[in-house]
Amino acid sequence: MPILAPVYLLHPHGKIGQLMRSPLIKFINHSASFAIFIILLLIASMDSSTQESLRTRSEIRGPDPNKIEIFILWWVIGFVWSEMKQIWEEGFKAYVRQWWNWLDFLMLALYLTTVALRVVAMILRKTAKYGTEPTPRTEWPSADPTLLSEALFSIAHIFSFARIIFLFQSVPFRPSFYSLFGGRLVSSYQTLFWNLFGNSQVSHFEVRSVNSDTGHRETMPAARNTMIVGEILLLIYHAMAIIVLVNMLIAMMSNSFQTIQVSFP
């Protein structure tokens, strides 16, 4: 793919260019590109859990992006260009009629907002608006651009992985899968939400830090936005991991039952 892309840009009407215009090759290339993007997101998540990265993120407001984040930015720019081309070729009205495009729009909007907030935080740091001494994360305000960018980046992760669902367009149980997004899934979300948070102690979802004076763990009011995003992501995790997968299994079993019924009347 890194070799075919420049060849297509140089000779879009040649044999290789015509081959890459075919629907099958376009589907394979787009799927491979998005798979690489997902891998970059996973690497970025694992890299943020290292000791050095945690130390930098916990002390520096508006840190510089690492190499993986720069790669992710280039992919996001490419996705934005692809969406702009699609709007130009299909028209705005046809574009908004497809709900997959709404998912792409939300995903890219979250990533672009994340980039904007990171840039603002970097400018504030380099102009000494944050001061010259490192500030512990526990003392950052809840509206800090770095904290907000991390929260939006986490939500964008969810939308990115949800975009993988477009692969189910080519599988046999597609109609049954799409029926999951009706009223049954909405009611399941509501039931899960009240079960999850109604039967749990509120203190389990609070962000706490150790008070240097008393030595006791105290709630951080400034981390309220982080707590809200964490609760939402936990809810989405339970919904996707339990409800959707179970319904997919039911859909596959239903399809198998219909196949057996037709084959052996």
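Numbering starts at 1 and runs along the chain as it is shown here.
Using the three backbone atoms N, Cα and C, a Cβ is placed for every residue, glycine included.
According to TrEMBL, the transmembrane segment annotation covers 27-45 (among others).
According to TrEMBL, the feature domain 'Ion transport' maps to 33-261. Per-residue pLDDT, averaged across the domain 'Ion transport' (33-261), gives 74.
Sequence-distant contacts of the transmembrane segment (66-82), counting only residues of its own chain at least 6 positions beyond either end whose CB sits under 8 Å from a CB of the stretch, comprise 33, 36-37, 40-41, 43-44, 47, 53, 104, 107-108, 111-112, 115. Residues or ranges marked as transmembrane segment in TrEMBL: 66-82 (among others).
Long-range Cβ contacts of the transmembrane segment (102-124) within its own chain (Cβ-Cβ under 8 Å, at least 6 residues beyond either end) map to 61-65, 72-73, 76, 79-80, 83, 96, 130, 144-146, 148-149, 152-153, 155-156, 159-160, 162-163. Annotation source TrEMBL lists transmembrane segment at 102-124 (among others).
According to TrEMBL, the transmembrane segment annotation covers 227-250 (among others).
Same-chain residues lying 6+ beyond the ends of the transmembrane segment (27-45) with a Cβ under 8 Å from its Cβ atoms: 1, 4, 20, 66, 68-69, 71-72, 75, 78-79, 157, 160-161, 163-164, 167.
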